[in-house]
Structures are given as structure tokens and as C-alpha cells.
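First the structure, in the form of C-alpha cells, and then the observations on it.
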Amino acid sequence: MIRRFTARLLVALAAGLAFAQMAAAQGFDTRANAAYVYDVTTETILLEKNADEPLPPASMSKLMTLYMAFEAIESGRLRLDEQLPVSEHAMSYGGSTMFLDTTDRPTVEDLLRGVIVLSGNDASAVLAEALSPDGTEAGFARLMTERGRQIGLTNSTFANSNGWPAPDHRMSVRDLGVVATRLIEDFPDLYPMFAEQTFEYDGRAPTNVRNRNPLLGLGIGADGLKTGHTEEAGYGLVGSAVQEDRRVVFVLAGLDSTAERAEESERVVNWAFRQYVEKGLTEAGTRIAEADVWMGAASTVGLTVAEDVSLLVPVLSQGGVAAEVVYTGPVEAPVAAGDEIAELRITRADLPEVRIPLVAESDVARGGFAERVKVAALVLLGKVAPGADLEALPLLGDEAEPAAEPEADGA
């Protein structure tokens, strides 16, 4: 049966939750049509607005092309100094470009900067054709959709490598946030390219040398990732910033102008860092609660966390933090120290529930033969419910009232 113990039992958390009676940044909204704000450090979603709606992502979808290019570099399929041919198809793209032509042989490194800093539609297509199973951008787009599913994208389909308007080219802002987070975490050596503010490719395009990310250089910790704009999509930004030990990734889509994009992006970053604070909750090895053990040498086992636990909490919240321990029990012996046997569930005002695994603090061996026979006999005689406190059991033949079953939710 599932057993629950409320936060009043979690004495070990009292110090960590002393800040609980503080407010949430309630009512925050953004002018973006869709938004997703994610605290990477604590894996906490701070804001969702139309987060799962498939939308035209414009150039923000180049992040998926970059993810796959980075994978190819890490695996050795591409080299940074490798020179790639430029096809007629790649050269034909308009919009923001590197102004490549078919006589060029740009290096992979230049193409990456061309995509990241200059948002080059042509550069993106060159990379796509080099990695495509059939040598075409369309073939690479099909591969993007497939790979996207594998890394957790649930509302994304790709028709090209660069976000050029197409009816079946769609991403949700949540999916864009997932790709951004994966780029940051999976490719720490390549990710710093996203913070570069200028790139001059042989001087041929003096009007397109600056990164369009409006947050770079503002001193707020911004270090990526990608802007996007088409008439259908509006103005958008996938951004990330680090302040002290926290990283936040955010996605805004459907804004009306570059000015609104810049203003709203800075506003979101400031809100995410100022209105939430990370607090240490408990240290590894701290006993949180106890779980009942069935047929064991001991009747209970301590529950602890395997790693230090931190929690993101609103700075100004009127609401509190509630917690409970949940496990399916009684836990049958033997139990090994470190076995994951329970879960600590924490709820906070305006934030998603946090679930933290709890492990056995120590070994609990199976009870001796005589003890197991005693328990089994009492169960058969109806004198005790399965899972009762073994230390409280009477000897066979003693008179005792049947033990009451613990309060429980369904089986």
C-alpha cells in the first residue's frame, strides 16, 4: 500500500524550510505570445505560456541544426577545419546570409559562426547537406525530426535546416528550450561560440557582422543563444544567462519588434534571477523519515537523500512549502543501504512539484526463522495486519488486539 507522511514529520528539513513563508512573484506575464522559462541549475520551470503549441520558429530552429552539427564534430564525422562545398541550393537562400557562392569552400568552424552569429541561412544549408543521408537539405530535415524525437522534442517537425517559412516547419517554445539546454550541457567546449558578438567572414558582408542577440554585452550574464524573425513568426529569442551559480534558459516567441524583443528578454532575465532564490534544503546522508519494514531484523529503516538537495523558492511568496514522504510499503526485507524505496514530494507556491528519491540509510536483513514464523502465524490468525510494527508484536499465545492498519491511499 502507498504510505504518506506529511511535512510535520520531516524534522530534518526544518532549517532548510525556514524561508518558506516568503511570496511568489505572482502574476508575472510577458507580451510574448508563447514563453518558456527554465532554471537549469535546479531543473525548475518558472514560466509556461502556450509552451507546447507548435509555432513557426524562424531562425531559432537553427539550434537543432547546430545541435546535430556539434554531435557530428564530437563523433568525428565533421572536423572544425574541414572545408565544405556550397551548392546552388544553399547559395540561393535570401534573408540573413554569409553571401556564400559556389566557388567558396568555407570551413566548418566558419559555417558554425556564420549560423550562430550571422544567422546565415546559406551556412545552415551547407552544414545540412554535408550531414544529410541523401545529400539534400530535405533529407537532413527529416533526420532533424527523427533526432529531435530522440532527445525529447514532442511538438517539432522540420522542413529545412534554417527556419525558412514552410507550413510543416514547427517547434514549440518548450522544445526550443530543451534543445538550448542540451546544447549548453552536452557541448561545453563548443557552446562559447554563442556568446560571440561579431564575426567578419572575409569582409564580404559588412552589413551582416553583428550578433542579433540583444542581451549580449549588457552585463547580466547572457551568453547565448539564437534570435529569429519572419513575418509569420514575429520576433523571438532563445536566450540563456548565468548569475552566480544559477543558469536560466528562456524562450520568447511572437513579439512585435526588435525593440520589444530586447526589452522583454531583459525583463524576463531580471525577473527570473531577482524573484527566485536557490536554498540548500538538506545534505546527503541526512535522515528525512523512516519506512516500515516487513519480515526484517528491524521494524523500520531510515530514509535519506543520496545527494545534497537544493530548492528554488520565490523570494516574496505568501505561500509556504509543503512536503511529504511517499512509499509503497511496508518494505519487504532484506533491504540494502542505498536502495531507492521512497520519494520526498515538495510543493511550492506557483512552481511545479519537486520529487526527490529517498534511499535506505542502512541494511536491514531478513528476520530470523522464529520471528518470521511468529509474524506469519499472527497474520493467519488475524491478530496483526501485514506490515505491523514487529517490535510491538505479542508472543504466540498472548492475548492482543489485532493491530489497526495504518492510514493509507489505495493499493
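Including glycine, each Cβ sits where the backbone N, Cα and C put it.
Annotated active site, acyl-ester intermediate per TrEMBL: Ser59, in sequence order. Within 10 Å of the C-beta of Ser59 (active site, acyl-ester intermediate) we count 25 further C-beta atoms, all protein chains included. Secondary structure from DSSP puts Ser59 (active site, acyl-ester intermediate) in a helix.
If you look up TrEMBL, you'll see Lys62 marked as active site, proton acceptor.
Sequence annotations record features per position, and here TrEMBL assigns active site to Ser119. Spatially close to Ser119 (active site) yet at least six residues away along the chain are Ser59, Lys62, Ser96, Arg212, Lys226, Thr227, judged by Cβ distances under 8 angstroms.
Residues annotated as substrate binding site in TrEMBL: Lys226.
As annotated by TrEMBL, domain 'Peptidase S11 D-Ala-D-Ala carboxypeptidase A C-terminal' applies to 276-366. Looking at the domain 'Peptidase S11 D-Ala-D-Ala carboxypeptidase A C-terminal' (276-366) alone, the prediction's average pLDDT is 87.
The signal peptide annotation in TrEMBL covers 1-20.
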## Note on the structure
Ser119 (active site) falls, by DSSP collapsed to helix, strand or coil, into coil
### Query
Using DSSP, what's the helix, strand and coil tally for the domain 'Peptidase S11 D-Ala-D-Ala carboxypeptidase A C-terminal' (276-366)?
0 helix, 59 strand, 32 coil
